Amino acid sequence: MELSALVADNPHFTIFGYPIYYYAVIIVCGIILATVVVALLFKRRNIPTEWVLDLLLCILPLGIVGARTFFVLTDPSSDITEWFSTFRDGGLSIIGGVIGGSLGVVLFCLIHKINFFRVADCLVPGVILAQAIGRWGNFVNQEVYGAEVTNEALQWFPFAVFIEKTGEWHYAFFFYESMLNLVIFALLFVLMWKFKKKPSGLALAGYLFGYGTVRSIMEPLRDPQFILGSSMPISQVIALVMAFGGLTLAICLLIWNYKKYGRLFGADDEAEGSAVLPVYYTAEQRRKAEEERRRREAARAAVKKQGPPAPSQAGGTDGADAARQPEDGEAAPQAQADAPSQTNQTDAPQTKDAAPQVGKGEEQ
């Protein structure tokens, strides 16, 4: 099948007469793959994988509402007075989806009482992967393209894409952004998978900085663009804020890690623990838990020091100790020597009765 067969005005196929749009299919595929990635990272980070469904139920509705609302508010052609038809027609914004989805993550963390940064770190690799896949929905809808390519030597896919409604070749910015998003995904996934001891929130900071930088560079070059004021697209403003916020967050996390552990990276105690209990502890609760752990270790060490005598003492191999043992309990060896004969002669029934009692005590 040629690529041109997939691109059209709202391309779709039908099932039982019901239209299924390629754009929607691509978006759903991105969500499924993102869910798989999040589940893998949840398991890797000791967060219950059954919580993934709860996370989706919190993120998807708010993410879709945010994506559609942001698109309507920034699309000059949308008539907000016709609210039903406006929201029913197509059109989504990734930045709006990120904003709405973030509210969903906050709701999820409040419900399960888990640290926001821990969840966000596991989520953002899946999010950027879904965004990379979703950009191909812009391809089938012939959206997110750049200026016209006039040089015939450069009029080939994926460097450029032919847009039917203009009848010209344009720079394929959807493809460029998709590939850059895949690079960000690979870096974030390696960070989360390989480096378990890291400041919580560092992957989120990397996502904000990486995607914000890519989007802020691409946004002024794409066509159409939604203008804020006279010259700057509103999406570019938000992307710049994301990039600056991500960089600031990363610097703060690394400084905090250095002050606490004496190194910039690689000493987060929470990384090895369970996310179900210790992860959402407050600083005071974590301090008390650490004190309790140290107290138990000290108690175990004290018990070991006061344990049974060494093998040399018990076996009588040390001459001095062997000489002192009769003095400390001189009658004890005699009692032990006489005990077998007395037991065999007079206490045999009691021995039989004693054995079941000991066994019963052990079972209890």
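Cβ from N, Cα, C; glycine included.
TrEMBL: automatically predicted annotations, no manual curation.
Taken from TrEMBL, the feature transmembrane segment covers 20-42, 51-71, 91-111, 173-193, 237-256. According to TrEMBL, the feature compositional bias 'Basic and acidic residues' maps to 287-299. Annotated region 'Disordered' per TrEMBL: 287-364, in sequence order. Per TrEMBL, compositional bias 'Low complexity' is recorded for 331-340.
If you look at the transmembrane segment (51-71) against the transmembrane segment (20-42), you find at least three C-beta pairs under 8 angstroms, all six or more positions apart, and that counts as contact. Only residues 6 or more beyond the boundaries of the transmembrane segment (237-256), in the same chain, are considered here, and those with a CB under 8 A from a CB of the stretch are 95, 199-202, 204-213, 215-216, 219, 228, 264-265. Note: the compositional bias 'Basic and acidic residues' (287-299) comprises 13 helix, 0 strand, 0 coil (DSSP; helix = H, G, I, strand = E, B).
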